[in-house]
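*Asks:* Straight out of TrEMBL:
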COMPBIAS  40-53  compositional bias 'Low complexity'
DOMAIN    56-128  domain 'PAS'
DOMAIN    325-548  domain 'Histidine kinase'
MOD_RES   D619  4-aspartylphosphate
Amino acid sequence: MSASASREVDALRERVAELERELARVRASGQPASARVPHAPVSGTTAAPGTGPAAWEAQLDEAEEAAQMGNWIWERDQNVVTWSRQLFRILGCDPATDTPSTETFLAAVHPDDRERMAALLQRAIEAREGSGAASFRVLHRSGAVRDCLLSSLPIVDGAGPPSRFFGVVVDLTERRRAARELRRSERMLNEAQRIARVGSWSYDLASRDVRWSEELYDILGVAPSTRPSFELLASLIHPEDRHRVFGGAESASPLGVAGPVECRVVRPSTGEMRHVQMAAQLLTDESGAITGLVGTSLDITERRRLEEQLLHSQKLEAIGRLAGGVAHDFNNMLTAIFGHKELAVRKAKPASPVLEHLEQIGTAAERAAALTRQLLAFARRQLIQPTVVDPNALVLGVEPLLRPLVGEDVALDVLPGSEIWPIRIDRGQFEQLLMNLAVNARDAMPGGGRLTIETANTHAGPDDAARRPEIEPGDYVELTVTDTGQGMADGIQQYVFEPFFTTKEAGKGSGLGLATCHGIVKQHGGHIWFSSAAGQGTRFTIWFPRVRGAPCEQPARATAAVIGGEETVLVTEDEPQVHELCVTALRSFGYSVLAARSGKEAVALAATYPGAIDLLVSDMVLPDARGPEVAAALARARAALPVLY
């Protein structure tokens, strides 16, 4: 018998004894012993209202109805069975037509339980002792099935064997239905808490009893067999957060819990730290006295991680806008320096000592231009020419450049995947991406190691999108670059993609390598992340969206000398130094130049110029318009006008 059934039996035994005392009083008042329905009024007796046998019977009937039970008595010597009115109802029998007996009882028992109950009753009769307790089902004539519990006790009048057996049948149908519904609700609550990652707890002030839900055990990282206590819960809260959780109380007390409040919880088994939002509410009785608390603990670790990702992304966007603006302006100045240097070289005599100085100017300007290109790449403002390419072909094409770059003490493994899908990317930027990652890996392995570059096809599903909200479901080509170097500590990982951040010594790194990689990947609609730990190396993972179509052949690069001409060129540039350089250089080659400093001025010049305009040279960004907008406006009046940005 289960523990719950045993408790029910114990309670029934107490109730049986009480009912027996009630029946004894009824019988003492003159009720016939053989009455089928002992609760029927007894004729020929008088009593004060509310005190006679009828009143006792009515009270007993009400009690049995409320308790969903009916009683029975078996007079062994006379072999007379008596049922209460409620027992007739429970068994689905009619007091007017059904005679109380063992046979009638067994006929009401469900066929699947009938043989077992008949054997139980037979043993009780033969042994002349109580049959104990047994669960069974009743099958009503209507087809309804009821869950019942039979319990009986022998009634001993003297020293001899029991002359009577008294028992009850309890209808457990509604109770068990309620228990099943309660268990179902508990399962639903546990499942809802699991999905929502919220655990609950309660604290009883009088008994100091603490209860935790299943999900709270999981959130705290505590074994379900552990005895819950408020002291244990308090000990798992990070020491730096306890003062906020307990409202500044000197000692941890459940009555000092402040909420809602966020805190960190340290799991005892692994040391893993989780972010939890706790809230509590006091429980009071009718007089307003505090009786305990109930509370919730919401695991917001994943939400915190996503918030940090969003903030980091917004931070990089802001830095990118700033860096892009600075790089654009600086690039204009470098253009003027380069241009005037070239003009000066053309005018200088072949053996002039000035040429050496001009070359030094050019070298310094080239280094500065390289920095601006990296800044523009990080800011995603670099002009690119993306084409459909075969990733494997690009990786294998860069491999010969990477081997001398990483050095002889670093083993380079290039592992292209099978049937890799095409992607759309600027070839030069893809090469720069791999070169930067290879240099970063080389610097992380000063004592040598292994660098592995792999490609593979992959698919982003809902789980990937849940972990990284910026990733849309679909097909991607995965590029991974893994080294066996020093790895990165947790404290610096959040700064890896920020421009000018470096852990290298002064003068040994610009801090733009990984920032440039981030910008290149994002400008091509891809995603980049990494995993690393101190002493365990680093793995960069890059996803580029799959594109349909065949890869394009790489066009051959050709250079030609400037031959000059007599064509007319419309120059639109707002930066004074660059504007002057373009005009001077073009005129030095014999071109006719129309000079404008804004889009509006360029359109006006084109409208009033009577001759042909052979080329538009325009800055991408002008004070009043963008370069493509100016070109579109001019094309309406001068069709097929070539444009150079």
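Glycine too: its Cβ is placed from the backbone N, Cα and C atoms.
Bear in mind that TrEMBL entries carry predicted annotations, made automatically and left uncurated.
So that I understand the layout, could you describe where these features sit and how close they are to other parts?
*Replies:* The Cβ neighbour count for D619 (4-aspartylphosphate), using a 10 Å radius over every protein chain in view, is 23.
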*Asks:* Helix, strand or coil: which one is D619 (4-aspartylphosphate) in, per DSSP?
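*Replies:* Note: D619 (4-aspartylphosphate) is coil by DSSP, not helix or strand.
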*Asks:* Within the domain 'PAS' (56-128), count helix residues (DSSP H, G, I), strand residues (E, B) and coil residues, in that order.
*Replies:* 43 helix, 12 strand, 18 coil
